[in-house]
Amino acid sequence: MASSSSLYLLVALLALASWQAIAFDPSPLQDFCVADMKSPVRVNGFPCKNPMEVNPDDFFNAAKFDMPRNTMNKVGSNVTNLNVLNFPGLNTLGISLARIDYAPLGVNPPHIHPRATELLTVLEGTLYVGFVTSNPNRLFSKVVHKGDTFVFPKAMIHFQMNLDHNKPAVAQSSLNSQNPGVITIASAVFGSKPPISDDVLTKAFQVEKKVIDWLKSQFWESNY
Ligand SMILES: *[C@@H]1O[C@H](CO)[C@@H](O)[C@H](O)[C@H]1NC(C)=O
């Protein structure tokens, strides 16, 4: 009796463990599955293009990752994403890439990737980077230089800032999802459509309604 109930417990724990594992992009079940973006079929990811119609260009992208981007926006940064949405060959492979350009003192504002851990390497310049953990909210931050790598664990709020007053900075990030997703904290809270009620935001942020209204009236420009 005791051994059969511990067997049930073991099975339940194993089921829970495999459920946890699929919170990440699932492993591919074939060599490749180039996304067929035109298929009307809705699945987790994208259906595969006919393998006989797949060609080398499906595994290639000329996003010019060597070229500087325009950072003349409110936050002073520009993220170039290379994920399954613009590179269908990444479908089912659990990986994507980003180039991030920073103006002098430019910021990649606090945001979350709900589906990916991010490995950021500084290609040029000096960045102040950091992430905040789940409650209680501990900040892990560091000043990182050209050639350094920093990791932002999956789903943590994180940010980067170029510390140089005169020179631009550049980083490249690898992310372990074909479609990491991004939730920019400020625009999600103050720029959602339709907006979150003032009653919620004034209590949540412990400020007067006029502060919330001012924040809501800002244009929450995207940096990608
Ligand atoms: C990023 O840079 C590209 C190329 O310089 C530009 O076309 C694009 O508008 C910029 N995006 C943002 C959000 O600033």
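A Cβ is built for glycine as well, from the same backbone N, Cα and C atoms used for every other residue.
In the three-state DSSP reading, H113 (oxalate binding site) counts as coil. Sequence-distant contacts (6 or more apart, same chain, Cβ under 8 Å) of H113 (oxalate binding site) comprise F152, K154, A155, L175, S177, P180, G181, V182. Residues or ranges marked as oxalate binding site in TrEMBL: N108, H113, E118.
Take the CB of E118 (oxalate binding site) and look out to 10 A: across all protein chains shown you find 21 other CB atoms. Annotation source TrEMBL lists Mn(2+) binding site at H111, H113, E118, H158.
For the recorded site, C33 (disulfide bond), the DSSP three-state label reads coil. Its Cβ placed at the centre, C33 (disulfide bond) has 21 other Cβ atoms within 10 Å. The disulfide bond annotation in TrEMBL covers C33-C48.
Summarising the annotation, TrEMBL assigns domain 'Cupin type-1' to 60-213. For the domain 'Cupin type-1' (60-213), the model's average pLDDT works out to 97.
Residues or ranges marked as signal peptide by TrEMBL: 1-23.
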Checklist entry - Listed recorded positions are C33, C48, N108; which of them have CA atoms within 10 A of the CA of H158 (Mn(2+) binding site)? => result N108
Checklist outcome for this item: Nearest by Cα to E118 (oxalate binding site), of the recorded positions C33, C48, H111, is H111
Checklist outcome for this item: Counting Cβ atoms within 10 Å of each Cβ, the densest environment among the recorded positions C48, N108, H111 belongs to N108
Checklist entry - H158 (Mn(2+) binding site) has how many other Cβ neighbours within 10 Å of its own Cβ? => result 22
